[in-house]
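Notes for the one structure printed next.
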Amino acid sequence: RPSWGSPWLLALLLLGGSPGAGASYLRRSSSCTAIPSSMALCYDIGYAEMRIPNLLEHETMPEVIQQSSSWLPLLARECHPDARIFLCSLFAPICLDRLIYPCRSLCEAVKRSCAPVMACYGYPWPEILHCNKFPADHELCISAVSTEETSSSRRMPRASCKDCELEEASTAREILESLCASDFAVKIRIFRKNTTTSISDFDLDPSRVEVLKHGPLLRTEIPGRLRQWLDIDATCAHNIMRGTHAGLFVVSGEAQSDKVVVNKAYAWHKNRNLHQAVRRWKQHRCPEQPG
């Protein structure tokens, strides 16, 4: 499991300045307790003890565990690299001599990337996490770990509303029907650029791009659109790769005005039905779409 603790905890301990609303003195009823292993959201985050009641007014550990576990699916969507830090600063505040809240800018950054993903599943950003409640950056608070340089060089990953998984082997006919229903279809080689961060970077091999169907897209723009997809939908790419370092895939999906959305992905390796479908594709005639 990646360690979140070292960089941000060190930065927190080196913070100075006058305490503001985000660094109030401890309430008399507040006490330190070990973060239990059953609290998957924050266990092994980089410190061992937390304050309870926490900053969300949860009074007991069972309540903390229950409420925090509801955020695990969002973390699995990898909507923002600092989402876990933000949530744990509230659910499991670190045991210092002051209560230290997350900075408003951290809240806003996480909300900007994660609220759209929550909306996919019908959940609004909760009022209890309204960013205006948190202190401004010039006050004592927990700031973002992701650097401006990192965030400007690549957009924060946003999982698509549609769950993206590697398709299991199906008949060649079903694959052909899927390709017909898609705006584009491409055979590509995807590889993992690094394995040292919680959100992996993916890229495609430009020499291994075979356009089966370009639809409304220009053939020349497809590699760039797919790189953009790999950049902004890290969860989809992660699900497709299934822990491998590199692989050949046939992906198809929808072309939107400013991006592509991959709806189907098939692993090329040892998929006879897929091989047969691709061989037949050049001679295959898709049925006319109604309307």
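Using N, Cα and C of the backbone, Cβ positions are placed for all residues, glycine too.
Marked as signal peptide by TrEMBL: 1-23.
Look at TrEMBL and you will find 27-144 tagged as domain 'FZ'. Broken down by DSSP into helix, strand and coil, the domain 'FZ' (27-144) contains 46 helix, 12 strand, 60 coil.
Per TrEMBL, disulfide bond is recorded for Cys42-Cys88 (among others). Sequence-distant contacts of Cys42 (disulfide bond), defined as residues of its own chain at least six apart whose C-beta falls under 8 angstroms from its C-beta, comprise Ile35, Met50, Ser68, Arg84, Leu87, Cys88, Phe91, Ala92.
The annotation disulfide bond is assigned in TrEMBL to Cys107-Cys131 (among others). Cβ neighbour count for Cys131 (disulfide bond) (all protein chains, 10 Å cutoff from its Cβ): 17.
What TrEMBL lists as domain 'NTR' is 161-286.
Over the domain 'FZ' (27-144), the average per-residue pLDDT in this prediction is 90.
Cβ neighbour count for Cys107 (disulfide bond): 26 (other Cβ atoms within 10 Å of its Cβ, all protein chains included).
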